[in-house]
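**Student:** So Swiss-Prot lists these for the protein:
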type: BINDING; residues: G77, S78, P79, G80, T81, G82, K83, T84; note: ATP binding site
Amino acid sequence: MTQLTNIVSNDTLVNLQEEYDKTQIQEVLNELNQELIGLVPVKTRIREIAALLLIDRLRRKLELVSGNPGLHMSFTGSPGTGKTTVAMKMADILHRLGYIKKGHLLTVTRDDLVGQYIGHTAPKTKEVLKQAMGGVLFIDEAYYLYKADNERDYGSEAIEILLQVMENQRNDLVVIFAGYKDRMEKFYESNPGLSSRVANHVDFPDYTSEELLQIAKMMIEEQQYCFTEEADKTLLEYTERRMKQPYFANARSIRNAIDRARMRQANRIFASGEKVLTKADLVTIEAEDILKSRLFSLPNN
């Protein structure tokens, strides 16, 4: 009770706004809003984590004792929903707040961690961890690390090493596991020791067709192209059709569609026989450049 009274009666002041401005994390949060369309639940969750870490930083300045906040994370969602981009921003936030020393992001998959024969996995995993120290290790499609149907698989060895480092060197490294939500849930069920070390779970929703159209416009502007009004409508229809097809990968699929539209635009211009071109000719994507996709020849179920 005495200790609590001392804390409550202590009139030491800390300036939250000053600390917030000093870390410049608002700059990263602004980038997140500008660079990623939609994803409101994700952005909200990242702001919540940033707020927790900022307050924890202030508490430590006043020597208020509390356990270190759990920083390891799980990003779940379909491909192309911005998981890697958000991981990069999270690494930047953690660095600015002083929770990691370097702030870099190292992205790996099973192949980078797991060997093909006895004695090969440990050196591979340890080398990756060495490279990731002081930053964030992003393990994409993490569920491939564990193969329950194969007792001789070496993935479990990599997981054991990860567990040790996540616990013993949590002040030097943050690990983010990523993948499809349903598979990640099974992965954690099979590895309870891993699940207990992951404090922050962030679910990435699929984009709507309207959001994907906004993303397409952002991508096309970055490459100094533009859509005609009719091309806008055609791309929206393309997106709605593509979302119903197998292997749809959100923004990644839209980027591929734009690349193909650019190729068709180039071929259209080349085939026209025009020898003198205007700037408008070179930057404009027409509806026909999208309509020639084989997707429009398929039944729209």
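Each residue's number is its place along the chain shown, starting with 1.
In case you wondered, yes, glycine gets a Cβ from its N, Cα and C as well.
Given the structure is predicted, the values throughout are model-derived calculations rather than measurements.
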**Student:** With the ATP site defined by G77, S78, P79, G80, T81, G82, K83, T84, which remaining residues of that chain have Cβ atoms positioned within 8 Å of the Cβ centroid?
**Tutor:** F204, A249, N250, A251, R252
**Student:** How many other Cβ atoms sit within 10 Å of the Cβ of G82 (ATP binding site)?
**Tutor:** 23
**Student:** Other than its own, how many Cβ atoms are within 10 Å of the Cβ belonging to T84 (ATP binding site)?
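**Tutor:** By my count, 15.
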**Student:** Count the Cβ atoms, other than its own, that fall within 10 Å of the Cβ of K83 (ATP binding site), considering every protein chain shown.
**Tutor:** 21
**Student:** Which has the fewest other CB atoms in a 10 Å radius around its CB: S78, T81, the listed binding-site residues?
**Tutor:** S78
